[in-house]
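Student: According to Swiss-Prot, the domain 'EH 1' annotation covers 9-99, on the basis of sequence analysis. Among the features that Swiss-Prot reports, domain 'EF-hand' is placed at 41-76. Look at Swiss-Prot and you will find 138-226 tagged as domain 'EH 2', backed by sequence analysis. The annotation coiled coil is assigned in Swiss-Prot to 282-395. The annotation region 'Disordered' is assigned in Swiss-Prot to 341-396. The compositional bias 'Basic and acidic residues' annotation in Swiss-Prot covers 380-396.
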């Protein structure tokens, strides 16, 4: 199975990114430097990591590029790479920037060569030029078909679309070829992203284009990790600007699935807009702010320890006690938040689900436990410093 960035890993990167950008969509070199340097890599290595991750060469890192940089660093630290790789692995290339990577490889002579497949003599009259780009109108139609045929797990089987196949001018062999192309694991069902790609291939074949025989490496990795990012801000080819005509191939393409959707009563399907259900909640933002506060407290403690080390035998500094009080106050505050949530005193947004409240409770519990553990560790360290100071005094 191809490597991938797990959802938990992406969430960790998001917490770091959002805490540094303060609401901005980009991370500057100055903002990223402290995070990257904490890895312990040499400056020349970090420079090469930055060059790899900054795919669009704008001098900043957006969130996708920041994820790339962090994953490359962790792979080096974990021994996956002996040094910074000269090029990004295909599975790590952000789908929205794949065309930039391909263009750069072409200019530098490192273009990836895909297998060339000769024209199929059994398919005379078909056209070349299949395009993986989905126009917004096509994508909306694909999503409508998906919504009507998905199972309770959000997946679609090959047989669920039998009625659609009958309405298309596509041979059964080509339909199965398209299914196998987007289902490399040969599973009985495919998820939403793979289903959209499957319908897109059938759409092109319905218009008279050949079924693609191979998939670009970066896109193939996206199929394998069941996550595809379809960007609709790409410049469309000139043929999309022509007026639809039922007698032209473009007109036939526009009619893909219309008859099928009409039978389902979904001919006037409209998208409802972007789904922001996965947006960051207040508790998640609070977790980000808390982590930032803990980092600041750690820095204060490190400063106190350094002062104590320099002063060995001198007057005991009062800062450790102050830091301890700050940690205790922060811990008490989080415990109070937890009690309020459990008693139903917090003001949540209307319509919140029980699972969302349970997730918030679990997050606060984890924060509280982490703070308690951190406080105990700091107290032990503080006691050790005090013993060292007392030993120094006694030794004089």
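Each residue, glycine too, has its Cβ placed from N, Cα and C.
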Student: With DSSP, how much of the domain 'EH 1' (9-99) is helix, how much strand and how much coil, in residues?
Tutor: 56 helix, 2 strand, 33 coil
Student: Across the whole of the domain 'EH 2' (138-226), what does the mean pLDDT come to? Round it, please.
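Tutor: Residues in the domain 'EH 2' (138-226) carry a mean pLDDT of 84 in this prediction.
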Student: Counting by DSSP secondary structure, give me helix, strand and coil numbers for the domain 'EH 2' (138-226).
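Tutor: Split into helix, strand and coil, the domain 'EH 2' (138-226) gives 55 helix, 5 strand, 29 coil.
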